[in-house]
Amino acid sequence: MSRIWKSQFKDHHVTDEALYLNRRQWMAGAAGLGLGAIAGPALAAPEGLEPNSYEDITNYNNYYEFGTGKSDPAKYAHTLTTSPWTVTIDGLVDKPGDYQLEDILAKAQIEERIYRLRCVEAWSMVIPWNGFTLASLLERAGVQSGAKYVAFETAARPEEMPGLRYPVLDWPYREGLRLDEAMHPLTLMATGLYGKDLPNQNGAPIRLVVPWKYGFKSIKSITRITLQEDQPFTSWKDANHREYGFYSNVNPTVDHPRWSQATERVIGAGLFGSRRETDMYNGYGEEVASLYDGMDLQKNY
Amino acid sequence: MSDSTSATPGLRDRLTQAINQGARRVPTWVLYIVGAVPPIWLFIAGLTGGLGVDPVKAMEHQMGEWALWLLIAGLCITPLRRFARINLLRFRRAIGLLAFFYIVGHLLVWLVLDVQILSQIWRDILKRPYITIGMAAFVLLIPLAVTSNNFSIRQMGARWRQLHKLVYLAAVLGAVHFVMLVKGFQYEPLIYLGVVLALLALRLPILSRRR
């Protein structure tokens with residue numbers, strides 16, 4: 001059950017129900033409450049982020065392995081077996097092998113990170129994740145000098161994932177990052193949200209969160225991480241390379257061919273909620289813009 | 001397919017007759033009343049949180065999908081009469097007008113609740129092919145909605161029939177609009193497009209002459 005916190009805390013010790021429902025009031029101080037050291041100004045999230053409700057976050061998901069409707073994952077993802085869970089780390093690493101999730105978590109330093117998630121479909125929500133940096137995991141595996149990229153793979157289990165019957169994408173779902181993106185301190189391996197275990201529809205038991213990129217880069221339910229020299233295969237780029245690039249950094253000035261990326265609908269704002277202007281790098285430009293110095297972002301979308 | 005293929009001769013005729021007689025007893029205004037219920041329900045559900053996390057998209061998509069159903073229903077009237085001798089012709093105007101009103105609703109949700117920003121609306125219409133196509137379908141339907149009355153039929157004579165064939169194009173564009181807006185490869189919009197094309201194919205001279 002409570003895999004993430006079992007060793008140290010009980011769920012309700014970490015964030016009790018009343019507290020997290022009241023989160024908006026104490027959000028500003030969350031970093032200091034022992035939920036994990038959110039260290040240094042470099043990690044400061046865009047200010048004034050108000051998390052969406054747990055309800056919003058867990059009922060509005062794109063997880064096509066469970067169907068293409070936004071509420072399909074909440075309906076069908078309960079069939080996914082998330083324990084035991086193994087993440088294979090291979091390729092250009094010193095210690096390749098099958099890593100049991102318990103072992104990964106036993107040594108992981110879980111932090112809370114409140115990030116805005118900007119979907120390529122031009123909507124956004126704010127999610128209080130719990131997780132640890134991908135860098136810390138990669139360091140444990142020992143990245144070899146030839147590695148330039150990290151490839152990720154989602155579980156593909158036809159018997160547990162009804163969406164795999166449809167050729168929406170070339171399954172299994174695959175994503176990738178450049179090594180420096182992967183090692184960036186903002187890049188998170190999330191294992192929980194709102195202090196609870198990650199719900200299946202949100203990518204349990206372990207998923208990537210790259211807050212300055214469109215949501216589809218943040219691959220869910222990861223079973224394989226491969227360090228490699230070549231740019232990895234990525235599912236959406238494969239499906240339509242004109243619409244989805246390898247980088248897919250949030251960029252209001254580069255439109256999706258079929259829709260504008262200048263603004264985004266704020267999920268949870270209700271029927272008359274308004275749009276907000278999309279921020280360059282989803283508001284994380286100060287931290288990540290330097291990764292793309294000298295690159296033509298119109299070409300490397 | 002004549003009656004001789006039926007196991008009980010006359011059963012199909014009697015069924016057809018029953019449907020036709022039953023249909024004759026339903027006043028057409030009933031359709032407008034019934035047709036008004038779903039959008040009103042949808043709006044109330046959206047206001048009261050019944051449409052989930054993203055009520056705007058839910059309303060937008062639902063109105064669009066219902067509009068496609070109505071367009072398809074309208075396209076079924078002639079084949080039903082021709083191939084099954086079921087005569088629902090008197091409901092066609094109501095179905096067509098309802099389709100138009102649903103599309104207006106779909107468009108209003110998009111304009112007022114979704115995009116909101118006028119400059120972006122214009123840019124989207126001009127720059128986004130799927131929106132351009134959707135708008136084209138809507139524009140094509142305006143003259144049809146305006147002339148969906150007895151006076152226009154009398155005034156226009158044969159030209160009325162010509163004009164109202166625009167619904168064929170509008171239905172295809174509506175379905176293409178749906179095909180173009182989904183991400184990845186998805187069957188559902190292709191099924192809609194297939195149904196529309198099949199209903200139009202039934203109107204091809206080769207098929208419609210054979211009776």
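The first residue you see is number 1, and the count goes up from there.
Cβ atoms are placed via backbone N, Cα and C, with glycine included.
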Candidates A:Thr154, A:Thr253, A:Thr263, the one TrEMBL lists with A:Asn61, A:Tyr64, A:Glu65, A:Cys119, A:Asn202, A:Arg207, A:Ser218, A:Ile219, A:Lys220 as binding Mo-molybdopterin: A:Thr154
Among the Mo-molybdopterin-binding set A:Asn61, A:Tyr64, A:Glu65, A:Cys119, A:Thr154, A:Asn202, A:Arg207, A:Ser218, A:Ile219, A:Lys220, as the record gives it, the longest Cα-Cα distance in Å: 18
Nonlocal residues around A:Ile219 (Mo-molybdopterin binding site), in sequence order (Cβ under 8 Å, 6 or more apart): A:Phe152, A:Glu153, A:Thr154, A:Tyr173, A:Arg174, A:Glu175, A:Gly203, A:Arg207, A:Leu208
